Amino acid sequence: MATAAQGPLSLLWGWLWSERFWLPQNVTWADLEGPADGYGYGYPRGRHILSVFPLAAGIFFVRLLFERFIAKPCALHIGIEDSGPYQAQPNAILEKVFVSITKYPDKKRLEGLSKQLDWNVQKIQCWFRHRRNQDKPPTLTKFCESMWRFTFYLCIFCYGIRFLWSSPWFWDIRQCWHNYPFQPLSSGLYYYYIMELAFYWSLMFSQFTDIKRKDFLIMFVHHLVTIGLISFSYINNMVRAGTLIMCLHDVSDFLLEAAKLANYAKYQRLCDTLFVIFSAVFMVTRLGIYPFCFSVLFYSIFANRTQEPYCPAFTLACADLLWTLIGPLLPHTVFLARSDPDSEYPTRLASGFFDSSLRNSPNFMPK
């Protein structure tokens, strides 16, 4: 039985890591096992990915310390109160309806409850509103989470710019494929890639302990796709192109978190300004510079390769570009069905920003 099962698994494993698909002609995985002269890290290898998991746990632990000893005091200093929402008056009948039937009772149900409890309809509506707010996380918690992400995104972006500034492929994108795949892995590039990957693994873990949102599944898939793209590009030594893509993604992320921090602190004018800057940067980098880099990268592949086009680079970059373009549209459909002020994705932010009914609300900015 075990032998029979090993056949399909071996076939699947061989197909997944096919040298014909992942590597140029006349190059094997064994060629990348050898040392690279002058570089202690050699070439990227699959076992390097294993170091991500303890690092992700370490990042998660640092986050807990950061939120408690840095973010929380900052929030209290600017006037964000350490208190939860107003608690609804205990009532067993209304609680049963809220938990088991609906959180948004219609007119007919409100009238029935009014007769049953001898309360007026307005009082029952008020109770349901307070009960719904009771389940929402306090602003202090959302502020601390956003401040952690803002700090990491800003730091990793600054590190990425500093590293790429002295890298030849930052100034000439065609250098991403120069002598590929025999491109040694420098220490700076290794730290940049592994730290990004560990951070997204920590986000994957923390989703189950953070504030629960309606876009939980969407963001879970987003993190999963991101981890897959970073991991495969590392193992196949597409790290030069990968560093450019990660830097382009990071440049708008810390602006989004900064806008959310300003919103939680009720600095509305600063919030609006940061959001406009974020929107402009997001459009320019994700829908302008990134597609341009994409076209240059693959033009250089097709122009310099006489054999078949290089499939894995095309596959990975297409997947990343496709997610960048259609990803924001997914939570937008959720928004049309029912507004969720704590959605994470930028398009939800845009929807709330231009909706006059939400703009004056302190919670229109997504978490």
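Any Cβ shown, glycine's included, is placed from N, Cα and C.
Lifted from TrEMBL, the feature list:
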TRANSMEM  48-66  transmembrane segment
DOMAIN    94-138  domain 'Homeobox'
DNA_BIND  96-139  DNA-binding region
TRANSMEM  150-170  transmembrane segment
TRANSMEM  190-209  transmembrane segment
TRANSMEM  216-235  transmembrane segment
TRANSMEM  274-302  transmembrane segment
### Task
Looking only at the DNA-binding region (96-139), report the model's average pLDDT.
80
### Query
Per DSSP, what is the residue count of the DNA-binding region (96-139) in each of helix, strand and coil?
31 helix, 0 strand, 13 coil
